[in-house]
Amino acid sequence: MKTPKFITYVTRGFKGLESKSVENNKDHIVENSSPIASKFHEFDEQKKSFEIINYAGHEKFVDDITERESSVPGNAVYDITVRDIDAIVPVTDDVDIPASTFRMWILAFGLATVIAGVDAFFLMRYPSVSIAAIVALLVAYPLGQLWYYIIPQWEIKLPRGIRVSLNPGRFNRKEHACLYIFVNICVSAKLVNTLIIEQIKFFGVNIGIGRAILFNLCSYLSSFGWSGLALPILVYPPTLIWPSVLSSCALFKIFHDNDNTKACNWTISRLRYFFIVFVASFIWYWFPDLIFPALSSLGAWISWCKPSSAVLSQIFGVKTGLGLFPLTLDWAQISSLSNPLITPWWATCCIFTSFVFWIWIVLPGLYYQNYWQVAHFPIMTNSIYTVSGKSYDAQKVVDSKWELVTQKYQEYSPVMLPIAFIINIALSLGAFSSMMISFFLRFPTDVIQPICHVFKYSDIHTKLLKKYKRVHWGFYLASIIVSLGLGFAFTEGWHDIQIRSYGFVVSMVIGAALYIPLSLIESRSSFTISMQAFFEIVAAFWFNGQPMALLYFYSFGFGTLQHAMHMTQSAKIGHYMKVPPRLVAALLFTSGIWSSLVNSAVTGWIMYHVRDVCTSNAENNMTCRSPKTQFNSHLIWGLVGNHIFSSDGRYSFVMWFFLVGAVVSVVVYLLQISFPKSSWKHVNPALLLGGAAQIPSVTGINYSTWAAVAFCFNYLIRRGYYSWWKKYNLITAAAMDCGVAIAGLFIYFCVVYTGGSSNFSWWGTTVSSAGCDKKGCAHLSVSDISKPSGW
């Protein structure tokens, strides 16, 4: 039965009005409020104006979109639709709700400074810790409410009649969203922080804090410009849901709305449900992370029965094995790919199919047949080896200028790659070509059509935002031009970093070209395909034997790409939460500049003022293990990457995956247009290749348990108990992530950092580290390796 059209009258004097209708569907019964959410209006108690909102057009739009995007054979539910997000995203707006307040800006700058500074500091420490942006979202709410209760309602008079209120009232949803947007940008600077550390401590180039800020500003301003120009393509289209931002939007709803509709006989409110799950997640995470770490690796129990067995550890191990037994009680392990509760079921199917085929079928076949002598090394590792089975020390084959010395290379050892590393590179290249071919095949519908229809969207979110002025596209273009100027100054002003302006320009062009295709995939699947290997391959062939040039080529392009995608995510949050577009632009612009200053200043200060930092003699374990790993990787790629992957190189076959990706993309496209109503329309060819490219950082236990949880929630529960899923699924996702994030901080700062866990040991803490799974036992002995000729 079609939901009736009606007009909802909203009076600001009445809070929490609800309108309920029940829609009977042949698949399930949905309790909804004419898909316009439960609480209609946030209001200002000081004003009593009257507003009429007609949602009939939105209802028809939602029905059309839902039918077009989610009707699949067998009534299976594959996707997250526009109708689903109406349960947690407000479909009303009050222009009188203050967003750009003094309180918001102070809290945003304060939280961003603390979190970004802590992240930059602890990046150099082992073990490291990072604070997720969702922690700021949680902390901001009590801080905002505390501000409301203790700060007097004074006004500051500024020139030209401007008045700034110190306390504009209760901490509201828009302020909360703005604060989160600001912090989310500031905490995404790990890549550029790593570059500063590599340059100063490992390459020995004294770039100084000023040049570090210049590099950061160049990256952020370019990202801001591209993300702004792409708003009509990536943010405004209502079919681009961006599932990765929905859990944050769900938290905004439960903190600022009080509605409580019944779902499958569950009457518990979203807020109460969130705190129950949050507390349970917080308490439980202490067990797999500290008290009983074996719970995190339960899938490896078969290898524990015989720890010395290399074969058992290779098949069932979860650290250096395939992880064939899907069992873990650690949410951090389950959600290491992405949060499975917010990943659409079609994307889960594509990604897990990719993993099963490439990692559980192809990879073992190549490994046990000993192609390229990979059976002499661990089956699942990202290390690079010598012919003697030791970790490769690239500093033994370079001169004082960090350039390759061929004679030293021949005397030392050729580079030997493990099978997981090889497959990772091959799949990354295949994902690139598949993604780009699909992008060009769908260019009219994915790019041209959104641009042409930017003023014609009939969804309620776009309609409500039409009352606000948008930023002129010229401002974004100017930002890109300024970033290019800063990049030219950085590359041509000094001559100690091996890269010139032409390399910088090409890197930025590649990053910009990849930005929209990658964002389109993430906006639909919540999964990010890594292009790191592609950037490194291009740089390795272009800057032959110049690892420092590779580092900057990779950092300029990949850094711009990452920041632009973060900014687009944040812009979508602003779109959902009805934050004025000009304010969103101001937040993104300001946060990028502030992040450049804070991260560069903290990292640079530590580099120049902390004694022995990034050495084995460093105090407080400030050994920079993660940046050192990245340094070794960039060094090897820059020195020999072009040789080992060229036509006469030992691993040249990976280049064929450019063709493999293109063929897969064309075949899938032909099947989709030939059978438009079949399940092929949900298949993404880039995910069929890039879905498994996260290995060896994550293994089988991560993929299999992630897919199992996604199947349980996003297929079984959604299909059988849709009203429960619609009300509680995203709340569950947010609560689990928040519980783990907060518990991780408590464990680190209260126990690990203070040394409290150093003497805590029993079977549950040692069993997973006692055998071949931890050591990475190889199938064949390293003594039997025959040194390959050439590169």
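Cβ atoms are placed via backbone N, Cα and C, with glycine included.
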Q) With Swiss-Prot as the source, which of 78-98, 309-329 is set down as transmembrane segment? A) 309-329
Q) Out of Asn32, Asn265, which one does Swiss-Prot list as N-linked glycosylation site? A) Asn265
Q.
Say a student had to find the N-linked glycosylation site annotation in Swiss-Prot: which of Asn702, Asn759 would be the correct pick?
A. Asn759
Q.
Three or more CB pairs closer than 8 Å, sequence separation of 6 or more: does that hold for the transmembrane segment (421-441) against the transmembrane segment (346-366)?
A. yes
Q) Can you count the other CB atoms that lie within 10 A of the CB of Asn265 (N-linked glycosylation site)? A) 7
Q. Where's the emptiest Cβ shell within 10 Å among the glycosylation sites Asn621, Asn759?
A. Asn759
Q: Would you kindly check 104-124, 226-246, 501-521 and say which stretch has the most C-beta pairs under 8 angstroms to the transmembrane segment (583-603)?
A: 104-124
Q.
Cβ pairs under 8 Å only, please: of the recorded stretches 309-329, 471-491, 653-673, which one is richest in them relative to the transmembrane segment (226-246)?
A. 471-491
Q.
Counting only residues 6 or more past its boundaries, what in the same chain has a CB within less than 8 Å of a CB in the transmembrane segment (309-329)?
A. 284, 287-288, 295-303, 359-360, 363-364, 367, 378-381, 699-705, 708, 768, 771-779
(Q) So if I exclude everything within five residues of the ends of the transmembrane segment (733-753), which remaining residues of that chain have a CB under 8 angstroms from its CBs? That is, six or more out. (A) 127, 129, 131-132, 134-135, 138, 246-248, 250-251, 273-286, 289-290, 331-332, 335, 339, 341-342
Q.
Between the Cα atoms of Asn265 (N-linked glycosylation site) and Asn621 (N-linked glycosylation site), what distance do you get, rounded to the nearest Å?
A. 53
Q) How long is the line from the C-alpha of Asn759 (N-linked glycosylation site) to the C-alpha of Asn621 (N-linked glycosylation site), rounded to the nearest angstrom? A) 17
